[in-house]
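To keep things clear, I will list the structure first and then write my remarks on it.
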Amino acid sequence: MKFYCLIRFMIIANLYSSYQISLPGTYPSQILLDMKNSPLVRFNISTRDYKDETLWIRKNSTFVYIDTAVTTANVIFYLPIGQVRQMVFFKRPISRLLTSNNLVKFINTGSYANHTFKTELSPYLSKTNTPLKKYEIVVDQPTGENPPAGFGSLKPADFLNPGYKFVLTSELVGAYTKRSCFVDPMDSLVPIDYDHVRTIIFGSAGMEILMKMGITLASMTISTKYNPPIELIISAKYRNLSLLWPPRQQYEPVNKGTGRPHWIYLLGVYRNVSDSERDSYMNMIKSLGDSMDYHFLISRAHAQMLILAAEDRLVDEMHSFRNVIARLFVSLFAFIRNAFQSGYTSLNDIIEIEADLRLIVEGISSAAFRKDASTHFLISGTPIKDSKADLIKSLLSKVIRPISGHTRPLSAIQHLFLLRSAYALDIPRQNGSLSEQVSTVALSFIENIHSEAMRDILSWNTTTKHALYYAFASILQRPLTEWGASRNARRAILLASSMCTEEHVIATELAIQELYVKIRSNADPIHLLDVYTPCLSSLRLDLSEHHRIYAMADVVFYPDIQQYLKKKSHEGNMKEDDLETKAEYILTKLRSPLIRTLSAYASEVLSCSDQDLLEINAILILPVSGIGSYVVSRRAGMQGIVYTVDGVDVNNQLFITYTRMPCTTTIGNIVPTVLSRPSGKTCPYCGCVLLRYSADGNIRYSIYISSPKLQSELIAFGNSSIRRFNPTTAQIYGNSLLLYPNGTIVRILAFESERVTIISATYIATAVAGSIIALTVIVITVRMIIINMRYNYQGYNKVIDVDDDIRN
């Protein structure tokens, strides 16, 4: 038998015989609850006295907990989201996942006695000495000449050296920090008061993470479609948390008695010590106990993010994913705690924490949300809002405006600080002139880096990698409705593909392997952008192909990798192959999903192809014009002008298709030609792409002719200072094609007719000696054969003579 109870939530509770609760004073909302065992239903309605923290009402908020008389049947009801929106008895974020059946199925699994987890944690180091690598600069501290001040004291130049400027915490947060009532998202704990600073929600269609950050208390809830929900709570020491059921029972912290400055609580599914989920929970908790230094903790979060990207099993991915989220969570809490303890924080840290948050969330969306990465979202309540955000944008505009007008040059580190500030404030995603100016500055910086890379004078250091990421993000995150957004994005993708040469790919893979070895040895601080490469922003899709053995000649090997492999020598080649595989996983998972990028910036490719076949066969996509793109693939089948590339391995064929709307198919012909020298100041080759491939069907590079200077180097051929344009220094044999923006492709004869073969004297001497020896062997062999034939002939004649004598 089912019992239906009609409940109305208002401010004052009156209980009627029909189990109808009427709380007059607010607009009523009716919710029909389906309960079993109606005779045993009872209502526990408590009001909170402000002086008594054990009761539940505060500032017109009433918490209603409904249970049954039978202790084994207690449940907390989770209602449809439409009904939750009508409930006014407490304030909480609306979440389609946190109100799903996950909680109904899992939150009450097992006995309450098993909800407390115990583990041995290493001793807490209150003064952890962490080396801090801050983009090759020294982090300053406030002095008498440079004391912490309010936001109003900021100047435009401060954003070019943010580590020198310090802001008062009280000025930064102001009224945004408020006394609030903490309502456990899992509805398992008695609500308590705390000083709320910010709320962060992010996830995708199949996952949601909710973080509530305070000064002395913070909580994080992970809810997914296919795994039980988990909640972590960090609280000031000696502040007890109580369970709703059994009533008032104290909930034990996991790390009680370890000497750490905060207690850690865990809510989740746990049956017994052999439960596989328990190991995952313990790893999360251990990641929270190392230190309360923000820079150390966020470095651990970045390192765990790389481990997540390197995983190839879903089980390992989920464990690594939880560890990433846990470390990000405790990093944010440490930043807030330290800022309030010291009373100030640097402008650099304010910007860095927002940038790190967005960066890790985007990394998670690519590595962990791959199936629904396009649905990922981030809702971040930040103290930098309203008038403070307007002030910062105004100051940034004063810095960016002269740079976008090419009247003020900046160094790479200044570009990094400026573009990171725009990224942290989410300016690229906003409409208006400021995002356009940021995009202009970013594109100019990318073009300068591209020019240096083509001349082999670029140092791929930490500053360059980080600045390039923020530059590409400033362009690729702009709304497509904004003026010039699509044009700049297509140009940026071409520049990224141009820098993604075969030598660069293998050097990047080795750098990632070295970084992974350092992560496993707990060496220097790690940042996710330390592995960034323009290949991640390009549409070159063959990064995982093992065909670059000949490119290794120009790559410097890393001693850390050699030492690591030497220690693991008993495992043979397995460990080396494992490192290579992990590097390829990281490159593959951290790049933006192909279909999402194409739908935004090269929709003609999707319109003229089958998406499934495109993802399987395409190895390079070049959006060479505003209306057309080249697709290099292993198989034909796309609609457009289809070119068959001759002179390659039949088992590794290459097809090039020029796609544009409307999607019509024709057969193209690649014509060999000699490039003519343009007259005057014209630039007929600007916008073209030099595509070089090897005889085994592998793409070596696709150089984008982005300026008249590069055109001059291209037509200089043997006199070119750019080695990829010089046939005498192009190294490996192969063919070179020039792809025009209008869909025409020609083969450049200069790279075929001017090959230079260099034969060493040692090789010649060895060849001559070998020839002499071979000739001697042949002569001796022939003489032996002749002698043997003579002997046999004479013996045969003697036999004939004897036979004749017998007959006679």
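Using N, Cα and C of the backbone, Cβ positions are placed for all residues, glycine too.
Per Swiss-Prot, the feature N-linked glycosylation site maps to ASN44, ASN60, ASN114, ASN240, ASN272, ASN431, ASN461, ASN719, ASN742; the stated evidence is sequence analysis. As annotated by Swiss-Prot, region 'Interaction with gL' applies to 205-266, with the evidence given as sequence analysis. Residues or ranges marked as signal peptide in Swiss-Prot (evidence: sequence analysis): 1-17. Taken from Swiss-Prot, the feature topological domain 'Virion surface' applies to 18-761. Residues annotated as topological domain 'Intravirion' in Swiss-Prot, with sequence analysis given as evidence: 783-808. The feature transmembrane segment is assigned by Swiss-Prot to 762-782, with sequence analysis given as support.
Cα of ASN742 (N-linked glycosylation site) to Cα of ASN719 (N-linked glycosylation site): a span of 28 Å. Counted with DSSP, the region 'Interaction with gL' (205-266) comes out as 0 helix, 33 strand, 29 coil. Distance from the CA of ASN719 (N-linked glycosylation site) to the CA of ASN461 (N-linked glycosylation site) is 30 Å. By neighbour count, meaning other C-beta atoms within 10 Å, the densest spot among the glycosylation sites ASN719, ASN742 is ASN742. Rounded to a whole number, the distance between the Cα atoms of ASN719 (N-linked glycosylation site) and ASN431 (N-linked glycosylation site) is 47 Å.
Annotation note: ASN742 (N-linked glycosylation site) sits in a coil segment as assigned by DSSP. Annotation note: ASN719 (N-linked glycosylation site) sits in a helical segment as assigned by DSSP. According to DSSP, ASN461 (N-linked glycosylation site) sits in a coil region rather than a helix or strand. A separation of roughly 77 Å, to the nearest angstrom, links the Cα atoms of ASN240 (N-linked glycosylation site) and ASN719 (N-linked glycosylation site). Of all the Cβ atoms in the protein chains shown, 12 others lie within 10 Å of the Cβ of ASN240 (N-linked glycosylation site).
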